[in-house]
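Single-structure report; data block below.
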Amino acid sequence: MDCLTDLRSTEGKVDQAGKTLILLVVWWGFGTTAEGHPLQQLWELPCDCSGGYVSPDLPITPTPSIAVASPLPDLRVWLQGSWGWGGGFRQQWECVFKPKIIPSVQEQPGPCECLTIATQMHSTCYEKAQECTLLGKTYFTAILQKTKLGSYEDGPNKLLQASCTGIWETSMLGPRCPCVCLDGGGPTDRFGRICAEGLEEIIRHSYPSVQYHPLALPRPRGVDLDPQTSDILEATHQVLNATNPQLAENCWLCMTLGTQSPQPSRRMAMSLSMEIAVLASLSGATHRVNRCQLLCREADNRTGIPVGYVHFTNCTSIQESLTRRVIYEILRDYVLHRVMYLCVEQHAYTALPNKWIGLCILASIVPDMSIIPGEEPIPLPSIEYTAGRHKRAVQFIPLLVGLGITGATLAGGTGLGVSVHTYHKLSNQLIEDVQALSGTINDLQDQIDSLAEVVLQNRRGLDLLTAEQGGICLALQEKCCFYANKSGIVRDKIRKLQEDLLARKRALYDNPLWNGLNGFLPYLLPSLGPLFGLILFLTLGPCIRKTLTRIIHDKIQGSKNPRISPAVQATPNRDGYPRSMV
């Protein structure tokens with residue numbers, strides 16, 4: 001027993017000595033920790049810059065996720081890691097100076113501190129930019145944080161994206177980029193948008209939109225023709241006076257609006273002014289040329305210029321244009337006679353080259369003109385002439401009246417059928433609803449009668465219980481109430497209402513309008529309107545068609561008018577070839 005007690009006391013002393021030794025080792029070996037700042041003991045304070053100061057020119061890629069706020073306004077601190085010589089990884093605080101703020105001088109940007117001017121700079125390469133002045137010009141200065149290569153968007157036809165060169169370098173950028181590029185919404189894009197809006201505003205002020213007055217003021221209707229049109233009309237009148245003087249004394253010369261279609265004819269002899277006016281009217285496709293004797297020129301030079309082959313007429317004689325004599329004749333024909341060479345339908349040549357390939361015909365060009373005698377009305381009337389045509393307007397009155405009657409009949413017949421059918425459906429629905437309502441009232445009356453029986457039964461029971469006191473009324477010392485049963489009156493009215501509903505329903509079904517044609521008449525009524533309209537259309541349709549055909553025929557006949565048809569007569573020239581004269 002004593003040995004066991006000594007052993008336990010010895011174990012307690014050993015445990016106490018071990019705990020004391022552990023506390024001493026902890027106290028002497030590890031030291032104290034900074035309360036609340038365990039990272040400061042491991043990495044030191046950020047402002048101490050244990051990793052040193054990093055130059056902005058070095059290619060450093062900081063990690064923003066571990067950046068800390070520096071109490072100094074001109075420093076930016078980053079936690080960077082590096083591998084040691086023994087293979088361990090060590091982290092230290094490195095500091096980079098922030099860009100200095102350029103103060104403004106007299107409400108103008110301050111002077112620039114750097115002299116590197118970049119031609120382009122993308123907005124994703126820097127965080128902030130500020131304005132500065134250099135040699136009287138305003139620039140944007142910023143510290144680049146990454147590089148970027150310029151790239152195309154969807155091929156070379158799009159604008160080029162701006163690039164950036166130099167990490168952590170202070171660069172300047174002008175407000176306008178010398179190259180056509182985009183900087184991702186930066187200063188260049190903003191100034192370009194402002195310049196475009198300014199140019200659009202200048203254009204709007206320089207060329208204001210025309211605002212027409214709603215009132216059309218009268219003005220004199222004089223001759224307001226361009227010189228070319230006047231020359232064409234004068235030349236045409238000269239030709240008409242030479243061919244038909246009687247018609248030229250009193251006539252109308254009308255030209256079509258829009259693109260003119262000149263008419264070719266063979267070598268018309270006319271004055272120089274006439275030829276100039278005729279040649280000025282060449283602007284469209286030519287017409288077919290059907291003449292008695294037509295002289296064509298053909299050349300088949302393999303090294304020549306193709307001018308085309310005429311295919312809208314038949315050549316009576318073809319001459320090969322290969323010799324110098326023929327070339328001289330071509331030039332002489334144009335100089336003396338002012339003829340044209342038609343090789344295709346849409347082109348006319350005043351002269352042909354030395355070497356050419358094709359088949360051409362000699363012709364002159366006359367304008368597409370309509371000639372109307374002076375005593376006849378103009379087919380294309382003016383506004384005043386249209387307002388006075390009352391006789392033709394009368395022809396449309398029967399047509400309009402017939403269309404109005406037909407439309408009214410169709411609408412009335414269809415509406416009548418639909419309204420009658422709808423009335424029948426509404427009457428049936430109303431009868432059914434009233435019958436359902438009367439049945440509901442009858443059920444309520446049955447409930448009231450059963451409740452009255454229960455109340456009367458309770459009254460008799462209370463009178464028996466209070467018989468010694470003279471009844472329930474004397475016991476309560478109140479006026480006695482009695483039940484007046486009027487359920488018979490309500491039931492009589494409900495029965496009469498149901499009988500009236502049955503009579504109305506029977507009378508509705510006994511109507512011949514609904515029982516006609518074995519019950520099909522209600523379904524045929526909505527189609528009576530369209531059926532009547534079809535019959536009316538078949539009756540009046542031939543008359544309307546005949547009237548419209550006659551009116552269209554009169555319009556076509558009235559628009560026909562005589563055209564210029566020059567008379568062509570083949571006469572031999574001094575070279576032996578036939579020549580046409582007007």
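Going from the start of the chain as shown, residues are counted 1 onward.
From the backbone N, Cα and C atoms, a Cβ is placed for every residue, glycine too.
Swiss-Prot lists 562-572 with the feature compositional bias 'Polar residues'.
Feature annotation from Swiss-Prot assigns disulfide bond to C251-C254 (among others). Within 10 Å of the C-beta of C254 (disulfide bond) there are 14 other C-beta atoms, taking all protein chains into account. Under the three-state DSSP scheme, C254 (disulfide bond) falls in the strand class.
According to Swiss-Prot, the feature disulfide bond maps to C473-C480 (among others). According to DSSP, C480 (disulfide bond) sits in a coil region rather than a helix or strand. On its own chain, C480 (disulfide bond) has G471, C473 as residues at least 6 apart in sequence with a Cβ closer than 8 Å to its own Cβ.
The Cβ neighbour count for C543 (S-palmitoyl cysteine), using a 10 Å radius over every protein chain in view, is 12. Annotation note: C543 (S-palmitoyl cysteine) sits in a helical segment as assigned by DSSP. Among the features that Swiss-Prot reports, S-palmitoyl cysteine is placed at C543, with the record citing similarity to another entry.
Residues or ranges marked as region 'Fusion peptide' in Swiss-Prot: 396-416.
Taken from Swiss-Prot, the feature motif 'CXXC' applies to 251-254. Below 8 angstroms of C-beta separation, residues 233, 236-237, 240, 369-374, 378, 380, 561 of the same chain, each at least six residues beyond the ends of the motif 'CXXC' (251-254), sit close to that stretch.
What Swiss-Prot lists as signal peptide is 1-35.
The topological domain 'Extracellular' annotation in Swiss-Prot covers 36-519, and the record cites sequence analysis as its basis.
Per-site Cβ counts within 10 Å over the disulfide-bonded residues C251, C473 peak at C251.
Counting in whole angstrom, C251 (disulfide bond) lies 39 from C543 (S-palmitoyl cysteine) by their C-alpha atoms. C254 (disulfide bond) and C543 (S-palmitoyl cysteine) are 36 Å apart (CA-CA, integer value).
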